[in-house]
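Copied over from Swiss-Prot:
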type	residues	note
BINDING	24, 27, 40, 43	Zn(2+) binding site
């Protein structure tokens with residue numbers, strides 16, 4: 001889990017555009033965040049398995 005201070009820092013607008021970085025909207029994790037969903041890989045996997053992301057299904061080939 002991210003510290004509350006880092007989540008609050010991420011929620012306010014950055015002074016310059018280059019200072020913005022992606023952070024998971026659900027848990028606040030800063031690494032491996034998918035831009036399309038704004039979720040980290042762990043939260044994305046949990047929501048996909050629960051069927052809460054429409055159109056996403058487990059790959060099999």
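The backbone N, Cα and C atoms fix where each Cβ goes, glycine too.
Given the structure is predicted, the values throughout are model-derived calculations rather than measurements.
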Residues flanking the Zn(2+) site, with Cβ no more than 8 Å from the Cβ centroid of 24, 27, 40, 43 and excluding those residues themselves: 25, 26, 28, 29, 33, 39, 41, 42, 44
Most isolated by CB count within 10 A, of the binding-site residues 24, 27, 40, 43, is 27
What DSSP gives for residue 27 (Zn(2+) binding site), in three states, is coil
